[in-house]
Amino acid sequence: MEPVERKLEIGSRSYSKMPLTQQRSSGEPPRLKATPKDELHDLLCVGFGPASLAIAIALHDALDPCLNKTPNSNWQPKVCFLERQKQFAWHSGMLVPGSKMQISFIKDLATMRDPRSSFTFLNYLHQKDRLIHFTNLSTFLPARMEFEDYMRWCAQRFAHVVSYGEEVIEVIPGKTNPSSTLVDFFTVKSRNVETGEISARMARKVVVALGGTAKLPKELPQDPRIMHSSKYCTTLPAMLKDSREAYNIAVLGSGQSAAEIFHDLQKRYPNSKTTLIMRDTAMRPSDDSPFVNEVFNPERVDKFFSLSSAERQRSLTADKATNYSVVRLELIEQIFNDMYLQRVQNPDETQWQHRILPGRKITRVEHYGPHRRMRLHVRAVKDEKDSLVGNGKETLEVDALMVATGYNRNAHEQLLKNVQHLRPAGQENWTPNREYRVELDPSKVNAQAGIWLQGCNEQTHGLSDSLLSILASRSGEMVNSIFGGEFAGTTVPDTTHIRAML
């Protein structure tokens, strides 16, 4: 019998040198159509982070005849993505040297939806000629830096339909026929972050995927030396420029970002004093055990969505240790080892170069200008029985305070303020259905128009909503929800006459 290796070699050098997906896509025309500003778009996405990028990929794949047996060959969607950043970036401020992903590379932007896609992480490695080298790492967890590069690689394929440096400022309902009672499109206004120029684009369907905004405790004043963890790698080095200087730096928080920053500071500024302040009594390990990890399975969204409000809240609380205020065990052990070595040298913790203050909170910050250190007033928090958890009060003088206290995910509320009157009577919140489509009054909005929310639906769709885990499968659901009729061959109405309305 002929060896399998020999069979693969015969007449098929491309099998080992170039995947079929690359052969198919290398010379293919763009499947998403760049559209002039004054034309009506089929889809406009506000934000071009991982969620919108996954939608672009899913839509591209849905139009690929090699992957989809029944695409409407006569239809090419008019789409646009507006992104405030000047280029694609994913948590650029937290690309800490040595940091790894916390999920398997198989949960990339395409594999779980269709592993034949040319946008898989494995195909990225192949295109970069690193597949065998990555395999030799024997890991499912790539470096965070590499995974961001993978997403940049994907994003480059859609550069023709993305307008970077455009900050969306409002969404306004519109009517093709002014005498009609039904809204049938939305005008999306954006501001160029460099020139301030205002642009307007119209779209039948709008996806709002803004991501999170930095959450800062109200006790903290406005001061450039107080910065969110999302700016750690980009802003702090520009402010504290001398890596040999003996700075005093504090970190606030008890989750993965806080731990990574605290650990990295000790290498980035080896002569500096660092202090980690946390309300919790200790760093707690994240639970990524197999059964618990099933909470991030795509089908669990259906189960979570079907629960009552009270049941959803209980579920979120029960699974909190998978994502909130927790740290990977490997990093906890590294930090504990560092603390132990200090204890060997000096049992007095107050004299340590690097300290952890558990059970504490910052109550007040004194700041007197850029040339004097800030003074942090720290005291012990109280538990449910009104008992002190930490050890009383303490004052710290610091050159910088890194705040790793998470993100708010409510930016869509201000953006959609002009659409509020279209919600069903008596509904005060932005309520998405299972397909992430916002519930709007059908007596006011045409079924052809709609708004979808991404990354802000944890209360209705579960813990995975703002994470990468289900992006691949969810993006397929989104494309089906938004464009299902077009893929089935439904006639798409001619909208070129709307151009004159802008």
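The backbone N, Cα and C atoms fix where each Cβ goes, and this holds for glycine too.
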Stated Swiss-Prot location of region 'Disordered', expressed as one of 1-34, 341-374: 1-34
Additional site residue, Val168, Val171, Val398 [criterion: listed by Swiss-Prot with Glu83, Arg84, Gln85, Lys86, Gln87, Phe88, Ala89, Trp90, His91, Gln102, Ser466, Leu467, Leu468 for FAD]: Val168
From Ser443, Ser469, Ser473, Ser475, the one annotated by Swiss-Prot with Lys107, Asn293, Glu294, Val295, Phe296, Asn323 for substrate: Ser469
Candidates Arg225, Arg279, Arg300, Arg312, the one Swiss-Prot lists with Ser254, Gly255, Gln256, Ser257, Asn323, Tyr324, Ser325 as binding NADP(+): Arg279
Residue pair Arg279 (NADP(+) binding site), His91 (FAD binding site) - Cα distance, angstrom, rounded: 25
Separation of alpha carbons, Leu467 (FAD binding site) and Val295 (substrate binding site) (Å): 12
Binding-site residues listed as Glu83, Glu294, least Cβ neighbours within 10 Å: Glu294
Rounded distance in angstrom between the Cα atoms of Ser254 (NADP(+) binding site) and Val168 (FAD binding site): 33
Cα-nearest neighbour of Tyr324 (NADP(+) binding site) within the listed binding-site residues, His91, Lys107, Asn293, Glu294: Asn293
In the chain carrying Gln85 (FAD binding site), residues 6 or more apart in sequence that have Cβ under 8 angstroms from it: Tyr164, Gly165
Assigned element (helix, strand, coil) containing Asn323 (substrate binding site), judged by DSSP: coil
In three-state DSSP terms, the structure that Gly255 (NADP(+) binding site) belongs to: coil
